[in-house]
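One structure below.
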């Protein structure tokens, strides 16, 4: 679901970025005013979890892959507004340092996964848990269903963004300039991936975490809670550490996620066959789309595909990338908190 550079026209990128900016602004104001910045440690924890869980790729029939995104647990623990910066920070680190998601498509990816996904998940969870006790089984089930709904809402929006490209952005001969597949292909392909494997993974991860938190940290599930002491998060950070160690399991699933093919896939016989196999047998247009070629190489991530060039062992490189990503998230949010505190004192 991470849209790379080259798949969306500059107009689409500008529109989706502009649509996301108000949500970033309001969410940061709410985080600062309503929560007084005291929940930032939990925001950092959720952002780190989202970053790492997205590294666990799962095989999809047709030769592609998908993953959970942490959308549901972000909505449950933080609420829809604080989830926006949490997921956005994870997506920013992924795009800049690891080339997972495009720089030009950053606004679109945030709109899908950091705004729409958590908003839908939070709405479903709030509706389904009204009047339910913190330790009730209903909260576990609704957390899973909410995460499933949020992930699929994000995937549907991404599919629409992919699918409208050939309709609005093509050359004089009708050849697509950016994403090659129309809505009739993009929507079913993304639905197959996220209504099944990815959605099930998001459901299981979120429901499992909520069930565990009911026993270990039930105060985190309270809608109007006081900020937890940092030591109350230690077990959660230990869990993220365990996920970092286990993240090379995400390398087992071969293939590329739908809509994330590289330039070489458009021009090689094997790549084109893989694209067609994942798209209901519909072959992509011949050649590399012109607009795609101009944007795809706009940014070269220093550690593309979570594979540091200086590490020859792929699993070790994957773990080091996960550690670096988590460290950057914590440092970035910590720096933000420090600057906010200095601003308050100066004011």
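Including glycine, each Cβ sits where the backbone N, Cα and C put it.
What Swiss-Prot annotates here:
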TRANSMEM  6-26  transmembrane segment
TRANSMEM  40-60  transmembrane segment
TRANSMEM  73-93  transmembrane segment
TRANSMEM  96-116  transmembrane segment
TRANSMEM  140-160  transmembrane segment
TRANSMEM  185-205  transmembrane segment
TRANSMEM  236-256  transmembrane segment
TRANSMEM  273-293  transmembrane segment
TRANSMEM  319-339  transmembrane segment
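The transmembrane segment (273-293) makes no contact with the transmembrane segment (96-116): fewer than 3 of their CB pairs lie within 8 A, with pairs spaced 6 or more apart in sequence. By the Cβ criterion (distance under 8 Å, sequence gap of 6 or more), the transmembrane segment (236-256) is not counted as touching the transmembrane segment (73-93), fewer than 3 such pairs being found. Among residues of the same chain six or more beyond the transmembrane segment (73-93), those with a C-beta under 8 A of the stretch's C-beta atoms are 2, 23-24, 26-28, 30-31, 35, 39, 42-44, 46-51, 54, 101, 106, 109-110, 113-115, 117-119, 121-123, 125, 143, 146-147, 150, 205-206, 209-210, 220-221, 223, 325, 328-329, 332-333. The stretch from 6-26, 40-60, 96-116, 185-205 that makes the most Cβ contacts under 8 Å with the transmembrane segment (319-339) is 40-60.
Here the transmembrane segment (140-160) has long-range neighbours at 1, 3, 68-69, 71-73, 75-76, 108, 111-113, 116-125, 128-129, 132, 183, 186-187, 189-191, 193-195, 198-200, 202-207, 209-211, 214, 259, meaning same-chain residues at least 6 beyond its ends whose C-beta is under 8 angstroms from one of its own.
Beyond its flanks by at least six residues, the transmembrane segment (6-26) meets 81, 84-85, 88, 102, 104-108, 110-111, 114-115, 161-162, 164-165, 168-169, 177-179, 259, 263, 289, 291-296 of its own chain at Cβ-Cβ distances under 8 Å.
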